[in-house]
Every structure is written in structure tokens, then in C-alpha cells.
Amino acid sequence: MRLDVVTIFPEYLEPLNVSLVGKARARGQLDVRVHDLRAWAHDKHNTVDDTPYGGGPGMVMKPEPWGEALDSVIESGEGQPVIVVPTPSGRPFTQELAVELSEKPWLVFTPARYEGIDRRVIEEYGDRLDVREVSIGDYVLAGGEAPVLVMVEAIARLLPGVLGNAESHRDDSFAPGAMADLLEGPVYTKPPEWRGRGIPDVLLSGHHGKIARWRRDEAFRRTVRNRPDLIERADPAAFDKKDREMLSILGWGPGPDGRFGRVAPDVEE
Ligand SMILES: C[S@@+](CC[C@H](N)C(=O)[O-])C[C@H]1O[C@@H](n2cnc3c(N)ncnc32)[C@H](O)[C@@H]1O
């Protein structure tokens, strides 16, 4: 997979040389190219921003450097990239979107600063390419570089051969499949006792069925506590008899439309 990042702070992307993404680069699984937007700003001060039309605080990133930068990056490769525009006003970045983007051969990220990029740039490339405006959460950061690091890490770990154990992301929170729409429960490793705290007996039982059930029950406990919205919007067809029993213990039951909601307050969680 090829990844291009156009930014006014190339050094902010240094963490892409470290750990999982750095190793994937070193192995040639990821071709990451970071570009300095100011290379396409031609005045004495390499200006990339200007005052907003209509007034108001802050500055807006000028269209010309972005246009030249994106033309140059796009022309340097084969085929068409997906352009990922980090912005708090974009669609939420989810595990589902990470999976979708991990299947694309080429992504170009455009992290902005100031009040964002002149709208015409998004329109210009949106007319001929797949452009995704994406938010990593309901808060506003000073720039899009940290969101790019977040997205690249989430995407890169899904690429074949990047994680040491290909099964590792199967049970992740939000992973499509067995634990669909549930958060992952607690995990433990050796030693079996630490500061007087043991580990749940079932994990030592060697009984795969019981361990799987325990993990799913713990996932329900955690999801009910931290992200009840995930249970509320889950398709009830995804819940088997044991799931329903667990939800009932936790004070949750089906409503008139079959979807689950809290029916008893403060039952064991
Ligand atoms: C200060 S923010 C611009 C905020 C803009 N006034 C707004 O409210 O949409 C500057 C840049 O940081 C990045 N950014 C900030 N928060 C983000 C978030 N939650 N998700 C993705 N990108 C974000 C985007 O690249 C954005 O253009």
C-alpha cells in the first residue's frame, strides 16, 4: 500500500518510522511518502494561508499550494488514490472505515492547520476522485497530523502480514465478526498472581467453549458500562440465548421493536 501525506509539519509524521508502521515500511509493505506543502508555495515566505472571505477569526489554507501539491502527488503514481481529508466536520473514523481504507492500494492524506483548507480544493478533487472527509472524534485539534497518525496506525495494522499474529485483530473492539458491536473485555498475562490479585479461574481451565463464553459475557459487561449506545443500536439477531441471559442479568431487555435497552436500573455491571 502507498500512503502520501502532505503537511506543513513533515517532522510531525516522524512516528511513522517507529514500531508497527515503521517495521511495515522497512519490510516494504508500506510505501510512505511525506511531503512539505510549503514546497509548492512560491512567495518569499512560502505562504500557505490567508484571511477568510466573509471575515471572522483565524486563517484559511490557500487553494494554490494544495492544488499543485496534490496534482504533483497524483501524477507521481499509477491509478487514482483515495484522498483522506481530516476534519472535525467529516464522517466519523470507525473500524469499519479503517477496514475499507485498508483495502485501497493508495491513500493521500491532507492534514490541515488554521481553520482548514479552502473548500474549492475538496470540490475540485471530489469531482474526479474518491475524497473522504473524516473526523477522528468530537473534539477540535490544532492540526490534522495527529489524526493522520491515528488513521494510518488503525489502517496499517489491518494489512496482511503487518501484525505478527494475523488473528490479533479478529477479536478487537469493533471488529466485524464474532464480537460485532461489542467492546473487547479484559485481558491478562503471567504471573498468575500479582499484588494479591489473581486471574479468573476460567482462563486457566483450558476449556475453549467456556473461555469464549466468559469473554463474550465480559464484553457485554464492558459495553453496557462504557458504550451502551452500541447495544441499543445492535441488530438483536446478533444475540444468542446466552447473550440474552447475560443482558438480562445486566438489566437489559428487548423493547417493542426487538432492540435492546435498559429495563432495570443499576443491576450488576
Ligand atoms: C483547528 S482545526 C479546524 C477546525 C475548524 N474550524 C472546524 O471547526 O471544523 C485545524 C485542522 O485540524 C484537523 N483536525 C482538528 N480536529 C480534528 C478531528 N477531530 N478530526 C480530524 N481532523 C481534525 C483538521 O485537519 C483541521 O482542518
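Count begins at 1; order follows the chain as displayed.
From the backbone N, Cα and C atoms, a Cβ is placed for every residue, glycine too.
If you check TrEMBL, you get these features:
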DOMAIN    1-232  domain 'tRNA methyltransferase TRMD/TRM10-type'
BINDING   I136, G137, D138, Y139, V140, L141  S-adenosyl-L-methionine binding site
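Here the features listed in TrEMBL are placed on the structure.
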residue : record                               : CB count, 10 Å
I136    : S-adenosyl-L-methionine binding site : 20
G137    : S-adenosyl-L-methionine binding site : 11
D138    : S-adenosyl-L-methionine binding site : 7
Y139    : S-adenosyl-L-methionine binding site : 7
V140    : S-adenosyl-L-methionine binding site : 9
L141    : S-adenosyl-L-methionine binding site : 14
Assigned element (helix, strand, coil) containing L141 (S-adenosyl-L-methionine binding site), judged by DSSP: coil
Output field, S-adenosyl-L-methionine shell: CB within 8 Å of site CB centroid, site I136, G137, D138, Y139, V140, L141 dropped: P88, S135, P147
Binding-site residues near ligand 1 among D138, V140, L141 (Cβ under 6 Å): V140, L141
The domain 'tRNA methyltransferase TRMD/TRM10-type' (1-232) [mean pLDDT, rounded to integer]: 95
